[in-house]
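Per TrEMBL, the features are as follows:
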{"type": "DOMAIN", "residues": "14-166", "note": "domain 'Flavodoxin-like'"}
{"type": "BINDING", "residues": "20-25, 67-70, 105-114", "note": "FMN binding site"}
{"type": "DOMAIN", "residues": "202-457", "note": "domain 'FAD-binding FR-type'"}
{"type": "BINDING", "residues": "R358, R388, Q389, F390, S391, G427, V428, C429, T430", "note": "FAD binding site"}
{"type": "BINDING", "residues": "T469, S537, R538, K543, V544, Y545, V546, Q547", "note": "NADP(+) binding site"}
Amino acid sequence: MSSNSQLIQQRRSALVLYGSETGNSQEVAEELGALTERLHFKTHVAELNQYKPEPLNSYTLVLFVVSTTGQGDFPANARSFWRSLLLKKLPATFLSGVNFAAFGLGDSSYPKFNWAARKLHKRLLQLGAEEIHPCGEADQQHPEGLRQVPIPDNVQLPPKWVLQLRDDGEESLTSERAAGFDAGVNGSSELDRLGHDLRPLPDTLTATLTENRRATAANHWQDVRHLSLTVPEAVSYVPGDMLSITPKNFAVDVDNLITMMGWEADVDRPVTLVPGPTLLSADDEDMPSPPIQGLDSYPKLTLRALLTDYLDIQAIPRRAFFATVAHYTDYEMHKERLLEFTNPEFLDELWDYTTRPRRSILEVLHEFDSVKIPWQHAVSVFPIMRARQFSIASGGALKHTAEGGTKFELLVAIVKYQTVIKRIRQGVCTRYLSVLQPGSTLQVQLQRGGLNSSVNQLVGPTVLIGPGTGIAPLRSMIWEKAAIVKAYKEENPGVEPPIGPTLLVYGGRNREADFFFEQEWEELGELVRLKVLTAFSRDQTQKVYVQNVIRENVGLLFKLLHDMRGSVYVCGSSGNMPKAVRQALTEAFQHGPEVETDRFNEQGAEQYLLGMEKTGRPIPTKQVKPRVNKANTGVETAGVKHSLNPFDELSVEEAVRLRERHTKKQSPIKVDQILALSAGGPKCADTLRTAMAMGADRAFHVDVGDSPDGGPEPLTVAKMLQAVVKQENINLVLLGKQAIDGDQGQTGQMLAGLLGWPQATQASKVEIKDESGTVEVTHEVDGGVETLRAQLPMIITTDLRLNEPRYATLPNIMKAKKKPLEKKTLADFGIEDKKRLKTIKVTEPPARQGGGKVEDVDGLIGKLKELDAL
């Protein structure tokens, strides 16, 4: 090889970044990494959050593998990277020189199929990156599932991480100690091992199982469990959040593998995980993270412990697994057959051998018994055990324990079925959960879900659709609503709570067998104005599903979702159910209105529902669409729901964060009090309560009535704020850069002029530097970012990049009702509402002229010439 060739090879580098919630994208990324290594690229595989965009152009090739979670969201380990790409200041050449390919993993039964990968792909192109391969999309609904992945080569790569015996003088664990500590046999020792989870899993809570009760009838075909777990910590969660639980393997399966591989002599000796030969020369910067985190703190780690607690020996093998284990057999017939499964020509055979009968790794090794894997390579051969996610079914009063801890309830369907080859299959995690007894401990991780229900949506009209165990997150939401109503009634005796009706559409097989929480719905019915519609598919000759019930009640659905601007949540299995429900909802918009002129056509109904999906909330309709009033003096606001101005919401959030930073010793100055102020009609009180629920300590409502001429002018508001600043001895004013109704954007500047204070506008970052009150404010300007420095007192107006406002939690909403809200007038501050500007006329914008479609480029050119544009 020439020196130039050697230099080129040294410079060939590949970075494979993944965003994964359940491990699928990580597995694909690792296979891509192996493929690039075979092509002699120096390869790194890592989570997206471990990298920043700036150094990407230092790699020859960058590959992205991203799953979509929730409502088109990025996985948790990819979100900070994604946010870093969204900075407004980034120029169109920011990623110039980056050669990339993106691959998405998703499920086409959901409307936002592969949105994360599509958004990432589009943004990379916007920032100047060069695409070397069209964006690939794998679909869970495809006959091959998510297995449209790179085809492994027959070249064996040395493992990056290997096991070796610990040389620290520790003796091998005796069989008796091994059985008592981490091996287990059968009977009580097995239950004891499974029921006490000592694994040091990152970012987890130690939960105690207090209930494991079967929720379905004993003679029902499916075993569904109602689990209750508690943790001593006070942990906040909201409807839609999930618990991730990492299962363990059963001793009988681990022993079978040990025997097949001939590992008996070393299985109970202390081991450690060390870099393999290919990593020995890597410096600290190039050293990848070990595949399993936290092993250093695992007590007396052995090969048996790894097989029991960390390696998924019951997983369905991927093509890469067959390519790897083919190198561990000398039996040519087995080697040839294993390699055939990696060949795309035999894809159907691979499907029939693995996916269709759900054949596990353990069964494959039993059938290919000539395969003998060195125990040192176990971590590189077997996939890592992934946590499984379960929607939390508790909410409201069910979230707390008497001791001040937190309670989680789950509704779990135990996976157990017979395959086409007449073998019983069981889910790894649900099998593990099914045998746990009350008092068992588990390591659980709380993960944010995708319902994203705001407080307004919780108290507003709601349609909940959830067949089977999909009822779990909806039950959480109903209990959350009940807690809001109960707290409101305690604070306001005799006053009807301002909460909208809730419609629950539930589906199951049999009323007697799987109508989960039936008694609760009756008890909660009056409290939260709950109406339950049911669809039991096997209780009559003709099968009835939730979509049939929706079609039978299109008038009610239209009223709740359209006329009352309610929200709809669909939870349950993927596949046909979400598609069928969505179709039924579009029919509700077409056939629900009593007046024919109010009905949507098919395209209009689809667009309306699409708008709800994109915004995460009901879109404005013709009944509530802002429009010019009859006198042409302003906008008609009757029937329009008012909310906190989004820029002012950012200001409240930033004030709360400044206080929290001092509490955490991240800011030198203490925030003594946060005062929220607004001038307007009676509805202002609601927005001020929202501000106090977010963290403001008290509020002033300056009542100026619902003025038809748009309310006080900016100068009047600035004078009012000047008076409040002097009266309350305030030294920092945070306010939105503009109000989104008037869009004048003058109040902040006028207030700074009246007070003679420095001001920073459209802030995207605020930082207090020292105890003397030095403040640095960053804001975006054309072509870059500007940072300003000033001393308190100071005026700061906020922009959208500053922060992400929090949702107000139920306890804080209740606390806000007790916080002082003082009602004042302009006269209290010695101010007169003078009108210096007069609105002459307000009119609708001119109607946009309709467009047309052209068939091809020639048609477009002809049309442009016709319009004299060329």
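Positions of Cβ are set from backbone N, Cα and C atoms, glycine also.
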List the residues of the same chain that sit at least 6 positions away from Q547 (NADP(+) binding site) in sequence and have their Cβ under 8 Å from its Cβ, in sequence order, or write 'none'.
A580, V581, Q583, A584
Pairwise over R358, R388, Q389, F390, S391, G427, V428, C429, T430, annotated as binding FAD, what's the top Cα to Cα distance to the nearest Å?
25
Using a 10 Å radius around each Cβ and counting other Cβ atoms from all shown chains, which of the binding-site residues Y110, F113, Y545 yields the largest count?
Y110
Under a criterion of Cβ-Cβ distance under 8 Å and sequence separation of at least 6, what residues of the same chain contact G23 (FMN binding site)?
P383, I384, R386
Reported as an integer number of Å, what is the Cα distance between F113 (FMN binding site) and S537 (NADP(+) binding site)?
28
Validating a neighbour-count step here. Other CB atoms within 10 A of the CB of S20 (FMN binding site): how many?
23
Per residue, counting other C-beta atoms within 10 angstroms of the C-beta, which of the binding-site residues Q389, T430, T469 reaches the highest number?
T469
In whole Å, note down how far the CA of V544 (NADP(+) binding site) lies from the CA of V428 (FAD binding site).
32
Looking at the binding-site residues S67, D107, Y110, Q389, T430, which has the shortest Cα distance to V544 (NADP(+) binding site)?
Y110
If you measure T430 (FAD binding site) to T469 (NADP(+) binding site) at Cα, how many Å is it?
13
Where the distance is taken from Cα to Cα, which of the binding-site residues Q389, T469, K543, V546 turns out closest to S67 (FMN binding site)?
Q389
Determine, from DSSP, whether D107 (FMN binding site) sits in helix, strand or coil.
coil
Just the number: how many Å between the Cα atoms of R538 (NADP(+) binding site) and S391 (FAD binding site)?
26
Binding-site residues (V428, V544, V546), the one with most neighbouring Cβ atoms at 10 Å:
V546
Where V544 (NADP(+) binding site) sits in the secondary structure, as DSSP reduces it to three classes:
coil
When the Cα-Cα distance from Y545 (NADP(+) binding site) is computed for each of the binding-site residues S20, G70, Y110, Q389, which gives the smallest value?
Y110
Look up S391 (FAD binding site) in the DSSP assignment and report helix, strand or coil.
strand
